[in-house]
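Enquirer: Just passing along the structure, written as structure tokens.
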Amino acid sequence: MEDAGEHLRCNDNVNDEERLPLEFMIGNSTSTAELQPPPPFLVKTYKVVEDPTTDGVISWNEYGTGFVVWQPAEFARDLLPTLFKHCNFSSFVRQLNTYGFRKVTTIRWEFSNEMFRKGQRELMSNIRRRKSQHWSHNKSNHQVVPTTTMVNQEGHQRIGIDHHHEDQQSSATSSSFVYTALLDENKCLKNENELLSCELGKTKKKCKQLMELVERYRGEDEDATDESDDEEDEGLKLFGVKLE
């Protein structure tokens, strides 16, 4: 009996010793996962949102829980090429969707993700790209089955075509939003151009009036100088007789 008890105690000790490395390994794996860097797309996006020099185009919202693209046209034209080597705003929006961002409101381009916060850059490591849903594949050549196949042999619902239509609808919606934003931007530029033209016309008119006033005073001064010269030529007279 004592041998059996000692054997059980030995087994307990062994289990305790084995348990410690296991917990340690779990802890290490968690730490390693936490140290994984965020995707480059998120790093670049966070950087441009954080940059105070671009606040007129893109910046955090008032609470720091999301960011707003204030000027989509300028953002696509000036900033996107320096960040992602393209100028397609719709593509940028689709990328945000794949990382779980959502459009907060319909009145402006505001996007939010609970792991994308002002002053909490480390949270981005928890954001991962959504895995696209796999379509059915041909067993012989592993090519994608045409999307006209609506239902599989077991009667399950279609799995690929819905996702494809959602992507197309999202792309079309983003394109329409971009088109509307560009129209609004163009309208604002036209209004500003008309205002500047009006101000320029007023400035030219004032400048012309000023030049006319200067010319008039210059002419009066020349006339006064000529009269003074004539009086000096007449000399001094006494009872109408010129004194020598």
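Note: Cβ is positioned from N, Cα and C throughout, glycine not excepted.
Keep in mind that what you see is a predicted model, and the values were worked out from it rather than measured.
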Enquirer: Can you dig out which of the ranges 129-157, 216-244 Swiss-Prot describes as region 'Disordered'?
Expert: 216-244
Enquirer: Need the matching range: Swiss-Prot marks region 'Hydrophobic repeat HR-A/B' on one of 81-126, 173-218, and I'd like to know which.
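Expert: Within the set 81-126, 173-218, Swiss-Prot attaches region 'Hydrophobic repeat HR-A/B' to 173-218.
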Enquirer: Per DSSP, what is the residue count of the motif 'Nuclear localization signal' (202-208) in each of helix, strand and coil?
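Expert: Across the motif 'Nuclear localization signal' (202-208), DSSP assigns the residues as follows: 7 helix, 0 strand, 0 coil.
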Enquirer: Counting by DSSP secondary structure, give me helix, strand and coil numbers for the DNA-binding region (38-132).
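Expert: Here the numbers are 43 helix, 13 strand, 39 coil.
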